[in-house]
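Copied over from TrEMBL, here are the features:
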ACT_SITE  GLU184  active site, proton donor
ACT_SITE  GLU264  active site, nucleophile
DOMAIN    37-352  domain 'Glycoside hydrolase 35 catalytic'
DOMAIN    399-510  domain 'Beta-galactosidase 1-like first all-beta'
DOMAIN    540-601  domain 'Beta-galactosidase galactose-binding'
SIGNAL    1-19  signal peptide
Amino acid sequence: MMSPLGAATSMLLLLLVSGRSLSAPRSFSIDYQNDCFRKDGERFRYISGSIHYNRIPRVYWKDRLLKMYMAGLNAIQTYIPWNYHEDSPGQYNFSGDRDLIHFLQLAQDVGLLVILRPGPYICAEWDMGGLPAWLLRNKDIVLRSSNPDYIAAVDQWMGKLLPMIKPYLYQNGGPIITVQVENEYGSYFACDYNYLRHLTKLFRSHLGQEVVLFTTDGAGLGYLKCGSIEGLYATVDFGPGANITAAFGAQRYAEPRGPLVNSEFYTGWLDNWGSPHASVSPEAVTKTLNEMLAKGANVNMYMFIGGTNFAYWNGANGPYKPQPTSYDYDAPLTEAGDLTKKYFAIQSVIKMYHKIPVGPVPPTTPKYAYGSVEMKKLQTISEALDKLSMSGPVRSKDPLTFTELKQNFGFVLYRTTLPVNCSKPTPLSSPLNGIHDRAYVSVDGVAAGILERSKVIAINVTGKAGSQLDILVENLGRINYGKEINDFKGIVSALNLATVPLTNWTMYSLSIDEAVSEGLLGAREATHRAPPQPVALSPPTFYGGSFIIPDGIPDLPQDTYIQLPKWRKGQIWINGFNLGRYWPSRGPQVTLFVPANVLSTAAPNNVTVLELEGAPCSSGPCTVEFTTDPILNGPVHGDHTRRRIPFAKEDLL
Ligand SMILES: *[C@@H]1O[C@H](CO)[C@@H](O)[C@H](O)[C@H]1NC(C)=O
Ligand SMILES: *[C@@H]1O[C@H](CO)[C@@H](O)[C@H](O)[C@H]1NC(C)=O
Ligand SMILES: *[C@@H]1O[C@H](CO)[C@@H](O)[C@H](O)[C@H]1NC(C)=O
Ligand SMILES: *[C@@H]1O[C@H](CO)[C@@H](O)[C@H](O)[C@H]1NC(C)=O
Ligand SMILES: *[C@@H]1O[C@H](CO)[C@@H](O)[C@H](O)[C@H]1NC(C)=O
Ligand SMILES: *[C@@H]1O[C@H](CO)[C@@H](O)[C@H](O)[C@H]1NC(C)=O
């Protein structure tokens with residue numbers, strides 16, 4: 001309870017605050033003379049952290065923001081992924097987990113300012129760097145350039161988005177202090193200044209003249225050359241161990257005066273399937289952080305919490321290497337929002353420069369091990385085809401891409417017949433590496449092998465003329481960085497049998513997510529129509545199981561992790577929520593984060609697995625297991641032995 005005196009004081013405070021805001025309006029600007037930002041006229045420096053609302057369930061936004069606030073941050077930075085909000089042209093979604101405005105409001109309520117990065121391109125290890133795949137309906141589109149089709153789409157999108165943002169700018173009473181235009185544009189081949197000029201005008205026309213617009217590029221003159229332009233404040237990004245004198249020297253090349261800003265100080269690094277889990281020591285992070293803060297620089301830590309690439313949202317690096325489901329990033333808050341040593345190490349460095357809030361840090365959320373769940377075979381993809389292909393098949397002489405089939409994510413089944421007798425093993429090959437990205441091949445319902453982009457471009461098949469050839473193609477995530485971002489999916493070039501291209505395709509766009517959430521795959525027993533499978537490989541098959549959350553234990557449901565021992569590769573849903581891809585046979589990620597909000601205490605929880613290569617069910621226990629501890633650094637089985645150089649943009653080319 002507040003004492004009457006306390007109430008009087010806070011009333012006075014309120015009067016003072018509103019009194020000041022009447023005489024001196026809120027302002028945020030760059031002071032070039034004194035090399036700093038100014039907020040309401042006062043010298044201001046931000047210490048910020050990146051959090052992507054699109055990688056965290058809405059119910060946890062506040063918890064993560066509070067933890068960031070309690071670490072001593074005064075700002076957060078977020079991207080806005082265009083493709084997350086405009087699934088098909090003109091169809092916008094800003095509700096539920098996509099409620100950007102609610103996120104901005106929460107940040108402000110918690111006491112955090114916002115550095116906003118609305119793209120249009122964002123990189124972010126997010127599918128296609130946030131660009132919508134439907135842009136590729138123009139096959140020749142030059143993304144991130146003055147290409148008219150691209151510009152028209154950008155204008156439409158920004159015409160929707162930026163007016164929503166405007167009331168949330170700092171000077172309009174909201175939390176947004178600065179807005180980034182494009183993203184590391186200097187790393188892109190196009191170097192199209194007219195494009196940057198167009199974006200500058202577009203942002204200004206919607207947001208006004210006052211807001212600070214900025215760019216971010218690698219800390220090297222080569223990047224700043226094409227990335228920075230008159231009218232946008234140039235900032236740089238670099239990680240622990242950098243020579244900060246040299247790095248900020250690069251920023252000074254583009255901006256002789258103004259605040260020093262590292263817009264992406266890497267607290268960890270991204271992962272790829274088949275490469276070891278990234279890990280960066282707290283000491284390395286705090287050493288460079290301390291140096292930057294001592295120099296008076298503004299810093300955003302990328303990431304402060306990474307979160308999860310739920311469903312199909314992960315991106316990929318080129319030459320093709322997709323990123324896993326977890327975006328833990330070895331950040332100071334884990335994928336599940338847990339506090340780490342790195343969190344407290346960063347907090348103690350910040351404490352040396354800024355006053356940090358007093359009071360307890362919100363605790364790590366408890367995890368619960370629901371135990372193991374017995375899984376039962378439901379149906380193969382081919383058996384369930386009538387339920388999965390809601391739009392019906394499309395026929396064409398040559399195979400069509402996902403874009404041509406108007407499908408963004410997931411899986412397409414390509415079907416044809418063997419035109420000739422293949423009594424001896426006959427190569428089925430994609431000479432132009434056109435399987436994007438992984439194809440599960442079967443002949444008359446019997447698994448025949450797997451083709452994989454940049455890894456396996458040919459397998460042998462056998463079968464009689466007229467045998468049914470089924471090729472389930474998985475989109476493993478679009479390239480999000482570099483010049484290969486026009487990343488078409490499906491069978492994108494000729495697939496040959498011996499030397500002759502296969503024709504007469506029937507293609508099924510699969511609405512697996514809808515079928516799973518509507519329970520269409522049911523608990524039907526397998527038909528056993530197909531002959532016994534070789535243990536090595538089975539055709540893609542759904543499995544289902546369920547579990548009840550025990551009564552009498554308080555505070556359930558709680559978060560958990562799921563692992564799939566001896567399962568190989570696939571996709572997993574709980575109660576229709578798509579948790580993402582699992583691939584323990586490739587590594588390093590072994591467990592998937594299951595947020596409590598997808599679980600139910602009112603009904604049995606339904607687990608659906610699409611296993612693409614072969615479930616352990618024929619040879620032993622056929623279970624999935626819930627545990628309390630994440631495993632993100634499991635053994636890896638990649639054949640790329642290229643050594644990773646952390647924090648170097650070249651590493652991602
Ligand atoms: C919009 O997105 C939310 C959150 O992902 C989802 O629950 C909802 O179904 C979507 N709405 C439409 C119309 O697709
Ligand atoms: C850091 O960079 C500056 C400027 O390029 C250079 O003078 C200095 O020697 C470098 N320091 C180290 C330790 O390499
Ligand atoms: C395939 O082989 C069978 C005999 O096994 C033969 O009857 C048939 O004509 C052959 N078909 C083609 C297209 O070669
Ligand atoms: C296909 O079979 C031929 C003949 O048996 C063999 O030489 C070749 O190595 C096989 N190719 C593949 C990709 O397995
Ligand atoms: C094309 O495929 C359809 C069904 O998949 C089949 O009925 C038809 O005979 C095939 N046509 C040719 C020319 O192979
Ligand atoms: C799981 O599926 C069963 C059977 O369709 C259904 O009754 C139940 O409500 C589902 N559970 C949840 C949490 O949706």
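Every residue gets a Cβ built from N, Cα and C, even glycine.
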Least buried by Cβ count (within 10 Å) of the active-site residues GLU184, GLU264: GLU184
Helix-strand-coil residue split for the domain 'Beta-galactosidase galactose-binding' (540-601), DSSP-based: 3 helix, 27 strand, 32 coil
GLU264 (active site, nucleophile) and the residue listed as 'active site, proton donor', distance between Cα atoms, whole Å: 11
Number of helical, extended and coil residues in the domain 'Beta-galactosidase 1-like first all-beta' (399-510), per DSSP: 0 helix, 57 strand, 55 coil
Local confidence of the domain 'Beta-galactosidase galactose-binding' (540-601) - pLDDT mean: 96
